[in-house]
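Asker: Below are the features listed in TrEMBL for this protein:
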type	residues	note
ACT_SITE	118	active site, proton donor
BINDING	22, 23	phosphoenolpyruvate binding site
BINDING	94, 123, 124, 125, 126, 127, 307, 329	UDP-N-acetyl-alpha-D-glucosamine binding site
DOMAIN	7-407	domain 'Enolpyruvate transferase'
MOD_RES	118	2-(S-cysteinyl)pyruvic acid O-phosphothioketal
Ligand SMILES: CC(=O)N[C@H]1[C@@H](OP(=O)(O)OP(=O)(O)OC[C@H]2O[C@@H](n3ccc(=O)[nH]c3=O)[C@H](O)[C@@H]2O)O[C@H](CO)[C@@H](O)[C@@H]1O
Ligand SMILES: C=C(OP(=O)(O)O)C(=O)O
């Protein structure tokens with residue numbers, strides 16, 4: 001197991017290339033199950049979750065290969081030979097549930113392990129299952145597996161989601177794209193990654209209206225065909241590096257960063273004293289003056305993303321004044337708080353809210369990563385802290401951030417990956 005050694009106190013200067021979005025790449029790879037023709041995805045991030053999804057697609061029978069080219073590209077294609085997604089793979093990554101809709105729609109049956117909870121919350125999949133039932137699937141839960149059948153195929157329906165779930169919207173979109181008739185998804189999630197999935201499905205021959213709105217209309221087609229699709233830049237990676245510039249001071253261009261995808265993040269960064277300027281092909285981040293405390297509440301897109309909450313908490317821990325951060329999406333997403341407090345932060349949690357009293361400086365310490373975004377919040381704290389931080393359990397980080405040491409090191413940070 002690797003660790004990061006970080007020596008803090010150096011402002012970042014330079015350029016960081018933002019990779020393709022993890023949360024777009026995973027459903028896009030699952031969309032490869034909707035056709036036997038070749039789906040080529042470009043701008044794929046080099047992260048562990050992509051390798052896990054490739055492993056899952058391969059065990060379904062698809063061929064997944066590096067397609068070559070300048071950016072990392074994947075070529076996905078072939079016939080589905082197994083309709084089962086086994087516990088051994090699904091338990092590594094919750095997004096594995098995204099194969100359920102495509103395999104069921106394509107084969108008339110699917111057996112997918114229930115993903116279970118994870119560190120940040122219980123994360124049920126009831127909305128995925130109810131939506132598929134509305135499309136005519138018969139679903140049983142047995143021995144920890146979702147057993148779904150639709151021997152006569154799926155049929156379009158009107159589905160009203162009680163909560164705008166990202167994953168449920170994606171699963172239903174993919175299944176409905178080859179169901180017979182019209183499906184309407186009301187209160188659909190509006191995250192940019194959904195728009196990216198719609199764009200790819202349309203390039204594969206799907207008929208979908210309403211991308212970017214909370215109402216998606218899908219007219220099912222008999223079959224989809226191959227396509228080539230570039231994955232959109234990762235808005236969470238972009239926001240995370242913006243926080244790195246904010247917490248250390250300095251001046252960095254985030255190549256590929258798009259402010260239009262960041263939703264409320266830009267406004268909150270600016271309120272906290274971080275300058276954000278959209279330039280051609282890059283998001284320019286600077287901080288000249290001090291950081292100010294702000295109140296933040298997580299919400300579905302275009303609200304402030306839960307996937308940026310931990311990183312902002314690190315930034316606010318050294319801002320002047322008090323801040324309140326309220327987490328409304330996941331019930332257990334404050335695990336970074338005790339670790340940040342070990343580095344000198346003053347944060348109290350009361351239910352779904354955390355009160356942060358800004359301190360003048362943090363100090364390096366041995367700390368432990370608990371989940372993906374919490375890991376990066378500790379890196380951010382370490383970059384600003386006096387002295388050395390040793391961050392262990394960075395396999396959480398490797399799930400979703402590529403080349404962290406190279407990207408930060410290239411801007412002057414002292415960060416080294418060492419084997420434990
Ligand atoms: C791979 C991927 O894209 N992951 C993202 C996706 O996760 P994911 O798709 O799992 O998130 P959802 O939007 O589905 O979940 C949001 C909330 O709805 C609840 N819920 C969801 C589905 C369901 O059937 N029943 C239910 O109760 C969840 O427990 C959670 O409290 O969106 C989250 C919210 O923006 C992000 O934090 C994740 O990074
Ligand atoms: C929670 C996250 O991912 P996942 O849904 O894949 O667990 C995340 O990206 O912060």
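Glycine is treated like the rest: Cβ placed from N, Cα and C.
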Asker: In whole Å, how far does the CA atom of residue 22 (phosphoenolpyruvate binding site) lie from that of residue 94 (UDP-N-acetyl-alpha-D-glucosamine binding site)?
Answerer: 13
Asker: Would you say which of the binding-site residues 22, 94, 123 has the most Cβ atoms within 10 Å of its own Cβ?
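Answerer: When each Cβ's neighbours within 10 Å are tallied, 22 tops the list.
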Asker: Cβ neighbours within 10 Å, counted over all protein chains: which one of the recorded positions 23, 118, 125, 126, 329 has the most?
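Answerer: That would be 23, with the highest Cβ count within 10 Å.
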Asker: Anything from the recorded positions 22, 118, 123, 126, 127, 307 with its Cβ under 6 A from ligand 1? List those in sequence order.
Answerer: 123, 126, 127, 307
Asker: Please check the binding-site residues 94, 123, 124, 125, 126, 307 against ligand 2 and give me the ones with CB under 6 A, sequence order.
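Answerer: Those binding-site residues that pass the cut-off, since their Cβ is under 6 Å from ligand 2, are 94, 307.
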Asker: Taking just the CA atoms, what is the gap between residue 127 (UDP-N-acetyl-alpha-D-glucosamine binding site) and the residue listed as 'active site, proton donor' in Å?
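Answerer: The residue listed as 'active site, proton donor' has its Cα 17 Å from the Cα of residue 127 (UDP-N-acetyl-alpha-D-glucosamine binding site).
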Asker: What count of other C-beta atoms do you get within 10 angstroms of the C-beta of residue 127 (UDP-N-acetyl-alpha-D-glucosamine binding site), across all chains shown?
Answerer: 19
Asker: Under 8 Å between C-beta atoms and at least six apart in sequence, can you list the same-chain neighbours of residue 307 (UDP-N-acetyl-alpha-D-glucosamine binding site), or say none if there are none?
Answerer: 23, 236, 373
Asker: Just report the maximum Cα pair distance in Å for the recorded UDP-N-acetyl-alpha-D-glucosamine binders 94, 123, 124, 125, 126, 127, 307, 329, no decimals.
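Answerer: Maximum Cα-Cα distance: 22 Å.
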Asker: If you count Cβ atoms within 10 Å of the Cβ of residue 124 (UDP-N-acetyl-alpha-D-glucosamine binding site), leaving out that atom itself, what do you get?
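Answerer: Around residue 124 (UDP-N-acetyl-alpha-D-glucosamine binding site), other Cβ atoms within 10 Å: 13.
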Asker: Could you state the whole-number distance in Å separating the C-alpha atoms of residue 329 (UDP-N-acetyl-alpha-D-glucosamine binding site) and residue 118 (active site, proton donor)?
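Answerer: Between the alpha carbons of residue 329 (UDP-N-acetyl-alpha-D-glucosamine binding site) and residue 118 (active site, proton donor) there are 14 Å.
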Asker: State the Cα to Cα distance, in Å, between residue 124 (UDP-N-acetyl-alpha-D-glucosamine binding site) and residue 118 (active site, proton donor), rounded to an integer.
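Answerer: That separation, Cα to Cα, works out to 10 Å.
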Asker: Measuring Cα to Cα, how far is residue 118 (active site, proton donor) from residue 126 (UDP-N-acetyl-alpha-D-glucosamine binding site) in Å?
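Answerer: Taking the Cα atoms only, residue 118 (active site, proton donor) lies 16 Å from residue 126 (UDP-N-acetyl-alpha-D-glucosamine binding site).
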Asker: Between 0 and 100, where does the mean pLDDT of the domain 'Enolpyruvate transferase' (7-407) sit?
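Answerer: When the pLDDT values over the domain 'Enolpyruvate transferase' (7-407) are averaged, the result is 97.
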